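Below is one structure, written out as structure tokens; the observations come after it.
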Amino acid sequence: MNEVYVFTSESVSEGHPDKIADQISDAILDAILAQDPKARVACEVLVKTGMVLVGGEITTKAWVDVEEITRHVIKDIGYNSSQMGFDWESCAVLSAIGKQSPDIAQGVDNQQTKILGAGDQGLMFGYASRETDVFMPAPIAYAHRLMEKLAKARKSGQLPWLRPDAKCQLTLKYEQGMPVEVDTVVFSTQHSPDIEHKDLVEAIREEIIKSVLPAEWLNDKTRYFINPTGRFVIGGPLGDCGLTGRKIIVDTYGGMARHGGGCFSGKDPSKVDRSAAYAARHVAKNIVAAGLADKCELQISYAIGVAEPTSIFVDTFGTGRLKNSEIIDLIHTHFDLTPQGIIDQHDLLRPIYRQTATYGHYGRESFPWERLDKVAELSKAL
């Protein structure tokens with residue numbers, strides 16, 4: 001690809017209302033899996049001024065204190081004062097949790113064959129490319145790093161006027177399919193009322209943006225829009241309602257790859273919306289790392305109650321060193337994409353999900369689906 005183009009992705013902070021909901025959902029999931037790895041969990045959360053509503057379907061032998069977990073997450077994020085419009089100590093926590101439908105359960109847990117079927121029908125995508133060291137698209141990878149840096153500056157006291165809610169949007173210029181320049185940075189962060197706008201703009205540009213983005217990508221043409229409305233004091237759940245699963249593009253590839261539509265947070269690994277999307281990322285990343293292609297997008301689909309995928313599709317965008325059909329044959333040979341196979345290979349019945357709920361589910365080496373454990377086998381096909 002020789003054309004010049006720009007591409008934009010966004011990330012949001014851990015204090016963004018939708019991300020508060022995601023973190024509570026996954027914290028509850030982790031607490032349950034720690035006691036009962038075979039639990040069935042679909043936990044949804046709504047947050048608004050002074051209130052958290054936890055709902056969903058949960059079938060488990062475990063007992064967890066939903067209210068305590070919820071308050072701990074809110075405290076950890078940093079909503080610790082009613083002056084922010086949300087306070088971990090005083091907010092109401094309401095619960096509306098039921099059990100998994102027996103009609104769904106009988107399809108997922110086949111008692112005759114002992115085979116774990118997919119928890120629902122659906123289609124999932126995985127993607128990888130060579131444009132960053134973590135095989136992720138650069139716009140979303142660096143947008144996440146900006147949000148992580150902001151959180152560290154807030155929690156360490158480096159920038160004491162910061163508050164938890166924030167988001168950024170990064171537009172990169174591409175040449176020959178690789179990022180070469182930052183075109184635009186949009187950065188909005190909640191703040192205390194006593195910081196002057198010009199001081200905030202300078203601090204964010206110098207101490208956050210320029211400390212994260214490669215210096216060679218920044219120049220006098222780079223555009224910065226930092227708190228462009230001039231004031232962002234009212235934020236978090238006071239400013240906007242938050243819901244689990246509303247940041248699925250932030251959670252994945254920033255729009256660079258397609259998305260099957262299912263969210264991740266609050267779902268146990270029997271839900272292929274989550275586990276098969278992780279598996280698809282694992283497959284795509286190993287294909288690219290093995291040199292079979294410079295870019296790879298993989299689609300998998302499932303039928304409820306059926307273990308084997310109903311389809312596998314691969315697109316290497318003209319960068320493949322093998323035919324797409326040959327890569328699909330390698331996937332069938334080297335990867336078990338049944339729900340049980342995915343769970344076993346990545347050891348997913350563990351309390352590992354709270355950490356995925358912020359700064360993306362991909363691109364961090366601590367996650368088991370990021371392992372490059374199939375590269376040696378796949379590279380033999382070249």
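Positions of Cβ are set from backbone N, Cα and C atoms, glycine also.
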Per Swiss-Prot, the range holding region 'Flexible loop', considering 100-110, 111-121, 221-231
100-110
Additional site residue, His16, His361 [criterion: listed by Swiss-Prot with Asp165, Ala166, Lys167, Arg231, Phe232, Asp240, Arg246, Lys247, Lys267 for ATP]:
His16
What is the pLDDT of the region 'Flexible loop' (100-110) when averaged and given as a whole number?
54
Those binding-site residues of His16, Asp18, Glu44, Arg231 having Cα within 10 angstroms of Lys271 (L-methionine binding site)
none
So Glu57 (L-methionine binding site), by the Cβ count within 10 Å over all chains shown, scores 16
Spatially, which candidate from the binding-site residues Asp18, Glu44, Glu57 is nearest to Ala166 (ATP binding site), comparing Cα atoms?
Asp18
Ranking the binding-site residues His16, Arg231, Lys247, Lys271 by other Cβ atoms within 10 Å, which is at the bottom?
Arg231
